[in-house]
Amino acid sequence: MRAAQVRVRAVRDPAARPRPRGDRSHYDGPLRGPRAPTPHVNEKNRTAMLNKVRPALGRVLTPVGRTVARTGVSPNAITIIGTAGVLAGALGFFPRGEFFWGVLVITAFVVFDMLDGAVARVTGRISKWGAFLDSTLDRIADAAIFSGLMIGLYRDGQERLAGVALYCLVAGVVVSYAKARAEGLGYTCNVGIAERSERLIVVLVAAGLDGLGVPYVLAVALWLLAVLSTITVGQRVAAVRAQALADAAPPASAESSRRAEPEPPAEAAARRKGRRSDAAPEEPSRDASRNGAGRARGGARRKWHVRKLDSASEPQS
């Protein structure tokens, strides 16, 4: 009987009723850590399109870099060899119109150049000088690729498309310079829909297909790169401008900051006590002054009646 009563109470208890799935209090298990916030699509998330595959690419390159590191090759040597191979493929094949063979040579040395970071991580030889050398030689390799395309297209009689290749070369340099300059000023500039990796993949795939005889693919790719590079420059300029305007905003005054800070209870009580002691005496109200005047008139009238009675009671001579 007692067990039945306990069961009935448990059913009738509002806290024991099943809660909807949307209610956060329906989970009665052990406490867990806070859930990671859902990333919103904003300025900070509009980064390069290949950033999502970089971790997977790093997991693939790390074992290869460990094997290469056993040979004793330094990361800087890998960077220099990779850049030299890209220069040879771009300036040796592209100006002669041999786009397919040039793409094969460039792709091989680009993949080899990607091992410098893996070797540096495995051997613990990561340095600022290595990062600077890698970035500088990457810009030279990009310039060689687009310059070779421009020369090859111009010799083939496609002057307009050669001009588009020249614009892609200049826009790519501006994209890299905008980020470097922003970071030099202390701002973050990791936005942009087309960074070096995206531009390199698009131009190499298009040039290889053009070398195989696929029509219009190189023209479409170059015009697309021109548009994407321009958008990337605009995104980085807008991102740096927003940060600069935020830094230039006037800071809050000291008085307003003091008002915003809560005052300790002891200091607040002392301040109120001092305010009461320094306050001036209150003036009598109108009703109080009227009552005082009435009492004064009543007292004077009583004194007059007393004097009159005294004079009447005196004997007449």
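Glycine too: its Cβ is placed from the backbone N, Cα and C atoms.
Quantities reported herein were computed from a predicted structural model and do not represent experimental measurements.
Copied over from TrEMBL:
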type: REGION; residues: 1-42; note: region 'Disordered'
type: TRANSMEM; residues: 76-94; note: transmembrane segment
type: BINDING; residues: ASN76, ALA77, ILE78, THR79, GLY117, ARG121, SER127; note: CDP-1,2-diacyl-sn-glycerol binding site
type: TRANSMEM; residues: 100-124; note: transmembrane segment
type: BINDING; residues: ASP113, ASP134, ASP138; note: Mg(2+) 2 binding site
type: BINDING; residues: ASP113, ASP116, ASP134; note: Mg(2+) 1 binding site
type: ACT_SITE; residues: ASP138; note: active site, proton acceptor
type: TRANSMEM; residues: 161-180; note: transmembrane segment
type: TRANSMEM; residues: 200-226; note: transmembrane segment
type: REGION; residues: 250-317; note: region 'Disordered'
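Annotation note: THR79 (CDP-1,2-diacyl-sn-glycerol binding site) sits in a helical segment as assigned by DSSP. Annotated pair ARG121 (CDP-1,2-diacyl-sn-glycerol binding site) and ASP113 (Mg(2+) 2 binding site), C-alpha to C-alpha distance, rounded: 14 Å. Cα spacing between ASP138 (Mg(2+) 2 binding site) and THR79 (CDP-1,2-diacyl-sn-glycerol binding site): 9 Å, rounded to the nearest whole number.
The CDP-1,2-diacyl-sn-glycerol site is defined by ASN76, ALA77, ILE78, THR79, GLY117, ARG121, SER127, and by the 8 Å test on Cβ atoms against their centroid, the other residues of the chain that qualify are SER74, PRO75, ASP116, VAL119, ALA120, ARG125, GLY130, LEU133, ASP134. In this view, the densest Cβ surroundings among the binding-site residues ASP113, ASP116, ASP134, ASP138 belong to ASP116, judged by other Cβ atoms lying within 10 Å. Fewest Cβ neighbours within 10 Å among the binding-site residues ASN76, THR79, SER127: this applies to SER127.
Taking the C-alpha positions, the distance from GLY117 (CDP-1,2-diacyl-sn-glycerol binding site) to ASP134 (Mg(2+) 2 binding site) comes to 9 Å. Geometry remark: SER127 (CDP-1,2-diacyl-sn-glycerol binding site) versus ASP134 (Mg(2+) 2 binding site), CA distance 11 Å. Across ASN76, ALA77, ILE78, THR79, GLY117, ARG121, SER127, which the record gives as binding CDP-1,2-diacyl-sn-glycerol, the greatest C-alpha separation is 15 Å. Of the chain residues outside the Mg(2+) 2 site list ASP113, ASP134, ASP138, THR79, GLY82, THR83, MET114, ASP116, SER135, LEU137, ALA141 have their Cβ within 8 Å of the site's Cβ mean position. Cα separation, ALA77 (CDP-1,2-diacyl-sn-glycerol binding site) to ASP116 (Mg(2+) 1 binding site), rounded: 8 Å. Counting neighbouring Cβ atoms within 10 Å of each of the binding-site residues (ALA77, ILE78), the lowest count belongs to ALA77. Here the C-alpha separation of ASN76 (CDP-1,2-diacyl-sn-glycerol binding site) and ASP116 (Mg(2+) 1 binding site) works out to 7 Å. Per-site Cβ counts within 10 Å over the binding-site residues GLY117, ARG121 peak at GLY117.
When the alpha carbons of ASP116 (Mg(2+) 1 binding site) and ILE78 (CDP-1,2-diacyl-sn-glycerol binding site) are compared, the span between them is 6 angstrom.
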